[in-house]
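Undergrad: Dumping the structure here so I can ask a few things about it.
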Amino acid sequence: MSVNGVHVARRELVIGLSILLVLAWGSTFPVINMALGNGFTPVPLAAARYGLAGLIILPALLRAPRMSPSAWGGFALCGLTGIAAFNVFLNWGEMTVSGSAASLINASTPIMAALMGVFLGREKLTASGWLGSIVALCGVAVVCQASESVTLGWGALLVVGSAFSNAVFNVLQKPLAHRYGALLTMGWVIMAGAFFLLPWLPEALGELRAAPWAGRAEVLWLALVPGLVGFACWAWLLKHVRLSQALLLLYAVPPAAIVEGVVLQGQWPGLETLVGGCIVLGGLALSRLDRPRPTPTLAPEP
């Protein structure tokens, strides 16, 4: 194959994996809604999803290079915040909040992570970064208000809690991803998260047995597609494109979640939710103006 042919093949692979990544992560939010409607309760759903994902990746992790003992505490904290807490908050929130609204609220995770980095002295925000952060958080407030009647309900606040947990995870995982790589780091983070969810695994198995086949398929989808396939695509893209380019894909996840929610559930978001989502994404875009070149990281867990 010619050099030009190699470049074309690489470009086509990047485009294909980017589309797969956006569709995979976008599907998380409507499929969680669907699984909750098919006999699963929030915490056992998380336990079933990551118990299955952990079972699939464990053989590969056992063949991977050994981790430094000093890293295990970091993996445990990442699993607690980025997998266990994130999914418990998100699943409980989606009992009353639509998948599209949940995806738009979670789009604020990078803003929350950046603000944490500022308060910890690890990052500095430019004027556009501060302004974009304020705009994005105002958009989150609009989406929350729109998601549950005229009052701010617990469901929306729980989804905000999931975004906050994800932001904490995003701050904690940076040194691990830098040292061990995105794919291996995420593998051990998934295992740690599955460990914290183990107490609910017996209940999850009971719900799996009682669930219709559609519900079982939804759990399988959540374990394989947004989790394993999505992060495999992300790890490959981090190696082959600039991080600033890869991060742009995250802007496409909420629109993908909205479209997939319409296709899978016939669930149309309200005008106020869409307006709030546009404010969130606009704030994110504004916050990235004049931003220093980012360091390698994992994406926020969907």
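Note: Cβ is positioned from N, Cα and C throughout, glycine not excepted.
What you see is a predicted model, and the numbers here were worked out from it, not measured in a lab.
Copying in the features that TrEMBL gives for the protein in this structure:
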- 12-32: transmembrane segment (TRANSMEM)
- 16-143: domain 'EamA' (DOMAIN)
- 44-62: transmembrane segment (TRANSMEM)
- 74-93: transmembrane segment (TRANSMEM)
- 99-120: transmembrane segment (TRANSMEM)
- 127-146: transmembrane segment (TRANSMEM)
- 152-169: transmembrane segment (TRANSMEM)
- 154-287: domain 'EamA' (DOMAIN)
- 181-200: transmembrane segment (TRANSMEM)
- 220-238: transmembrane segment (TRANSMEM)
Undergrad: Counting each residue once, how many in the domain 'EamA' (16-143) are helix, strand and coil under DSSP?
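TA: Counting residues by DSSP class gives 103 helix, 0 strand, 25 coil.
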Undergrad: Looking only at residues six or more beyond either end of the transmembrane segment (181-200), which have a C-beta under 8 A from one in the stretch?
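TA: Answer is 43-44, 46-47, 50-51, 53-54, 57-58, 60-61, 64-65, 67, 75-76, 78-80, 82-84, 87, 169, 173, 227, 231-232, 234-235, 238, 296-298.
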Undergrad: Considering only Cβ pairs within less than 8 angstroms, which of the stretches 12-32, 44-62, 74-93, 152-169, 220-238 has the most against the transmembrane segment (99-120)?
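TA: That would be 152-169.
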Undergrad: Going along the chain, which residues at least six beyond the ends of the transmembrane segment (12-32) come within the CB cut-off of under 8 Å?
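TA: Residues packing against the transmembrane segment (12-32) from afar: 45, 90-91, 94, 99-100, 102-103, 106, 218, 221-222, 225-226, 229-230, 233-234, 236-237, 240-241, 249, 252-257, 259-261, 264-265, 267, 302.
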Undergrad: Taking contact to mean 3 or more CB pairs closer than 8 A (sequence separation of 6 or more), are the transmembrane segment (127-146) and the transmembrane segment (152-169) in contact?
TA: yes
Undergrad: With pairs closer than 6 in sequence left out, are the transmembrane segment (74-93) and the transmembrane segment (152-169) joined by 3 or more CB pairs under 8 Å?
TA: yes
Undergrad: Run through the domain 'EamA' (154-287) and tell me, per DSSP, how many residues are helix, strand and coil.
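TA: Taking each residue of the domain 'EamA' (154-287) in turn, the totals are 123 helix, 0 strand, 11 coil.
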